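These features come from TrEMBL:
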| type | residues | note |
| --- | --- | --- |
| REGION | A:118-192 | region 'Disordered' |
| COMPBIAS | A:138-155 | compositional bias 'Low complexity' |
| DOMAIN | A:201-505 | domain 'UvrD-like helicase ATP-binding' |
| BINDING | A:222, A:223, A:224, A:225, A:226, A:227, A:228, A:229 | ATP binding site |
| DOMAIN | A:512-830 | domain 'UvrD-like helicase C-terminal' |
DNA sequence: AACGAAGGGGTTTTT
DNA sequence: CCCCTTCGTT
Ligand SMILES: Nc1ncnc2c1ncn2[C@@H]1O[C@H](COP(=O)(O)OP(=O)(O)OP(=O)(O)O)[C@@H](O)[C@H]1O
């Protein structure tokens, strides 16, 4: 162990590179024909995933207007004056405080959960490390006075004299009621209770000040666990409860769907389920998709983009597929050189998922790239599709170029609240800045034309964030939005700070601060606020550090510990999380947990909706909804196999191109349309293929009919599955008797797939319910033109929801209540857990090797490494009570990890301000505090 | 056209 | 070690 320890202190050099490669940025600037597409939206970019599109779109965004039309702020300047302390809460707030008293059991549990504090300082530590598993089983004592007299007989988590789970993880006084039920995981379903909690309950002065800040632009910069999200939710509640706004006049923008869900849960406790569901809460992408769905046929600037209200949202896979296809086509039309370069580009696309990431150096490649980009955009138009980036860029364009639209949306959302603002990209910033009347975006401002009076005030903007938690720079996020752009564009912005961390024990906070203190000097200055952060909770358990030979041993130790905590300390599995850098790391963890019988669930990118068979079935629905969806068409024309291989697809495409229509719509009209030149297609492809095409057409048509009839989504899904013959394909035994040759493995896999499809029917029901439930969004109450598209677009709405707003939480919410959460650091953002295992803390993994390479021409190494640091910071600060940091030397999972990986520099930094205070009883964990 | 076997190539994070 | 592509066989 001594060796491990000393290795933690190896000196490391941060190669600070002042060289920021301008090459690519320059290329972008010069060759990007911003409006060359002829549709006025040339800044959309590819694939939606990269720095590229944001990179050069930013150029376009801020050249607008300098007439400096002022944005009136506030009007409520007095509000915060009566708020210097909670006792000065105005009477109507008091009223709610009183109402809030009558808490249900459930809410007690809720409050207990959300405020698990830390170990009482009266506890004494000693060095005994004897584990006494049985001792914990005793009934809990119900008052803080009795528990405060207990002593902790170990520095280790395994000490023996705890009386209850809550005593173990600790709690504050609020939690010290009768709410210490072992099943703590139920905290996120407040629906059981009808009693409301007052939003001001238990808030600090500075939090309340933020909640009640006057209209205008407000920016709350504060560290992790300081209550930013809580403040944001409380402000939304405040606006509705006390400021007279209708719930749908408040737009809350979060970063992930999960975050939106959590926000809504909090709102429910403040406002009740009914009112809370009327508040508009979504991600940037989901909000933009809603706007476009509504506006794309109504506003001239959007009509020019050639989509209809039935447009489909292309996900990453669709975008990649389209790009590939574009490049393949292009090989026939470009100089010979391209024949060599294009396959290279294509193969890179498979990995890197965007053109933006590719270092392009040669002139012919540049040519190819520009051409491909234009073709790609045309392909999206032909498919009646927007990709992820375009959802944002087109919304931005709408607000920039259509003053009426800008006015309408300002009117619709007098208040816009944005969480995790440090991770907004330039276009997202532009969207909210326009709505909020930013100085540099007011040129196209509202109401000045046609003699109309400008009677609509810009939306008030309220943003919260933490620049030290910026982890999406690789995707185009720009911390400068929070750091400087906001005060540049909103000179009267009120900047607020929250100084206490309510989430974590001082031990955890200290470790987190240590990580930041290791930053390079420039960044250090900027994040000063975060390592002087004050832990509100009393002292807790030491940070546990483990070092292991390989990832399997590491995973096993974590599993063992999780089980021990669950069985002997009463910690619910669902209150534990294992966080890691790469999805791949989930494998060994899953295996270890499975073999020990630790219930677990992998949260994240292997989403249910990403599964092949699920996407296949949904493609049928997509075609039914939007017959131009070439991506879906190519995907399922021959799935399940019906004799329509690559050749057939090719023929169909050729003929479609000749007729100037999309392949999908041609096939769907096969034999059916008056203009269809009889027999031309059949002749081109041959009789057998023609039959396959007719079959395919019939399937899609029956699905479309079902949808148009207004059948439930789950019925439409079931029909698609049945008609397309997935069952006979996956499980041939059932239908025909040709199942002899299928191997056992294959059969197992197919059965899994089939059960996924079975699930899809149920999941569809849930998704549709969610659409109906909280998506009256752009349907009612705006200019009185309710439901103008209503009905006909419901399948599109359903599919949009899945594309833009779906994760696997459908599963997670219900049946995995008692399971350890495994997820990447990125997906853990904004969440919190009693116990956090941050694993794989070695050089090469965290920071990831790819961030340690020399400058890649896009972002400097320093920037990338600092983002990795932020990632470690985010991970550590997810922990409420217990933090485990682990490292492994070798990994079977990757042949790129060396055989003796050093512990992460961030592990080093985290422990720098702590002292080693003991060793666990089995020599697995080393304790620091 | 369909399916299985062999080979080659790759570091990551996600709305 | 895993995924994807390509090649070869039925
Ligand atoms: N005044 C308070 N008293 C007690 N607990 C609080 C208070 N404010 C916030 N908390 C709790 O602290 C925890 C962190 O709050 P929240 O998630 O809002 O922080 P955050 O600033 O958004 O964190 P992060 O940036 O890490 O996502 C939550 O459990 C919340 O309930």
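Glycine residues also receive a Cβ, built from the backbone N, Cα and C atoms like all the rest.
Whatever TrEMBL says is automated annotation, not expert-curated.
The binding-site residues listed here are A:226, A:229; among them, A:226 has the most other Cβ atoms within 10 Å of its own Cβ. The ATP site is set by A:222, A:223, A:224, A:225, A:226, A:227, A:228, A:229; from the centre of their CB atoms, other residues of the chain with a CB within 8 Å are A:464, A:466, A:498, A:501, A:502, A:503. Neighbours of residue A:223 (ATP binding site), defined as other CB atoms within 10 A of its CB across all chains, total 29.
Looking only at the domain 'UvrD-like helicase C-terminal' (A:512-830), the predicted model's pLDDT averages out at 82. In the three-state DSSP classification, residue A:225 (ATP binding site) falls within coil.
Within 10 Å of the C-beta of residue A:227 (ATP binding site) we count 25 further C-beta atoms, all protein chains included. On its own chain, residue A:225 (ATP binding site) has A:501, A:502, A:503, A:504, A:832, A:877 as residues at least 6 apart in sequence with a Cβ closer than 8 Å to its own Cβ. Packing around residue A:224 (ATP binding site) is summarised by its Cβ count: 25 other Cβ atoms lie within 10 angstroms of its Cβ, all protein chains included.
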